[in-house]
Amino acid sequence: SPALHFNRRSLSAKSSSLSAAQVPPEIDRFWQWLRDEKVISSRTPVEPAVVPEGLGLVATRDISKNDVVLEVPRRFWIHPDAVAASDIGTVCSGLKPWISVALFLIRERFKGEESQWRYYLEILPRSTNSTIYWSDEELLEIRGTQLLGTTLGVKEYVEKEFDKVEEEVILANENLFPFRVTTDDFMWAFGILRSRAFSRLRNRNLVIVPFADLLNHSAAVSTEDHAHEVGGPAGLFSWDYLFQIRSPLSLKSGDQVFIQYDLKKSNADMALDYGFIESEPGRDAFTLTLEIPESDEFYDDKLDVAESNGMERTAYFDVKYDRRLPQGMLPFLRLLALGGTDAFLLEALFRNQVWGFLQLPVSRPNEEHVCRVVRSACRDALSGYHTTVEQDEKILSEMGECGDGRLRMAVGVRRGEKRVLQQIDEMFRVRESELDSLEYYQERRMKDLGLLGQKGEIIFWET
């Protein structure tokens with residue numbers, strides 16, 4: 001039977017009662033399987049329903065905050081350990097964990113009726129609104145964005161990994177893979193993992209939990225502390241580890257149960273992983289990449305300072321809209337700009353103190369150079385977009401709640417990136433205008449030595 005197509009997108013925080021509309025037959029079969037396997041019972045306080053996102057879980061009775069809404073025994077988790085214990089465990093032993101799980105999903109799907117996971121696999125979407133599934137025409141709408149570069153990079157990475165695993169594992173083990181596996185199959189499995197895997201369990205970086213992965217995301221949930229690995233009864237006479245979800249919100253019967261997928265992800269991250277974005281401005285972000293150039297005459301000294309303070313030659317700073325600059329960004333910029341008469345700070349004598357000095361303005365030329373370099377980079381980046389913020393906002397207002405979801409995502413992400421770039425440019429423009437009023441290293445040093453008067457005059461003593 002055809003797989004159910006649905007995409008997850010953010011729903012507003014409004015608590016509206018949702019009726020459990022008639023669900024597709026494959027969902028009924030999946031639910032009956034969970035019942036037969038004793039994963040759910042009459043005490044389970046949720047059921048699947050057709051919701052604005054496509055498919056979700058709704059409360060069958062009132063649920064208090066922190067109440068347990070579901071528990072799934074470990075034998076129903078799909079993760080690297082489960083793959084290791086399967087028929088393909090031996091040939092997957094040396095692979096990256098996600099690749100082994102991807103091959104497991106592909107193989108089980110091709111097994112069809114013979115797979116013990118068939119009822120779960122039937123409900124998995126063939127694709128999501130993730131940008132990895134967008135057509136070339138759709139990707140044109142995010143040209144100039146960092147999201148486009150990330151999307152193309154991810155697709156290239158997955159395709160290279162597939163070429164390698166196809167040659168070394170799939171074609172070399174035709175008895176285990178007696179069917180044709182394509183790049184599209186591999187991309188499907190990758191997308192399923194990106195959108196559905198839980199990664200914050202104790203000692204587990206990658207686990208798919210059927211049933212739990214039907215939960216949708218809401219911006220109204222401000223905590224990620226809802227998933228737990230606990231010990232408990234997994235049947236009449238059995239004990240196992242259980243994947244447990246507690247409701248982060250109080251709910252009325254008929255309300256949809258929501259969780260928070262990831263508080264730290266930007267809208268671009270969410271578009272790539274889940275195929276939706278939020279309207280929350282704090283999700284808008286732009287990643288600034290700063291690098292100590294090898295051509296810098298003080299390259300070795302600057303690299304040593306960076307590494308001594310937990311950084312590397314290349315540093316990435318995620319700047320978010322309406323938020324402060326990331327910690328360490330200004331000191332790293334000042335380090336990059338160090339030169340001329342300020343280079344004495346790179347001498348071995350100051351090596352253990354220089355990062356502390358860089359927390360504050362070093363000199364007027366240094367701070368001015370930082371401002372000009374950052375503003376120039378912002379203007380260059382802004383020139384790469386094919387629309388302005390104002391044009392994007394007009395498109396979004398004309399679209400309203402209707403229209404193409406992927407286009408809305410594209411416009412939302414590119415507007416967000418530009419808003420952050422404009423914000424960075426404005427912050428450093430203001431900084432540039434204040435250069436004459438800032439206090440620099442030499443002044444602070446002279447004050448510390450008692451050589452600077454209250455009005456800024458240099459004090460001398462007669463011998």
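Note that Cβ sites are derived from N, Cα and C of the backbone, with glycine treated the same way.
The S-adenosyl-L-methionine binding site annotation in TrEMBL covers GLU53, GLY54, LEU55, ARG196, ASN216, HIS217. For ARG196, ARG200, ASP213, HIS228, TYR261, TYR274, the entry in TrEMBL reads substrate binding site. Marked as domain 'SET' by TrEMBL: 37-262.
Most other Cβ atoms within 10 A: among the binding-site residues TYR261, TYR274, that distinction falls to TYR274. Cα-Cα distance from ASP213 (substrate binding site) to GLU53 (S-adenosyl-L-methionine binding site): 13 Å (rounded to the nearest whole number). Under a cutoff of 8 A between CB atoms, and with a sequence separation of 6+ in the same chain, the neighbours of HIS228 (substrate binding site) are PHE243, GLN244, ILE245, ARG246. Within 10 Å of TYR274 (substrate binding site), judged by CA to CA distance, lie the following binding-site residues from the set GLU53, LEU55, ARG196: ARG196. Distance noted between the C-alpha atoms of TYR261 (substrate binding site) and ASN216 (S-adenosyl-L-methionine binding site) is 8 Å. Its Cβ placed at the centre, GLY54 (S-adenosyl-L-methionine binding site) has 15 other Cβ atoms within 10 Å. Taking every pair among GLU53, GLY54, LEU55, ARG196, ASN216, HIS217, the residues listed as contacting S-adenosyl-L-methionine, the largest Cα to Cα separation comes to 15 Å. Summed and averaged per residue, pLDDT over the domain 'SET' (37-262) gives 92.
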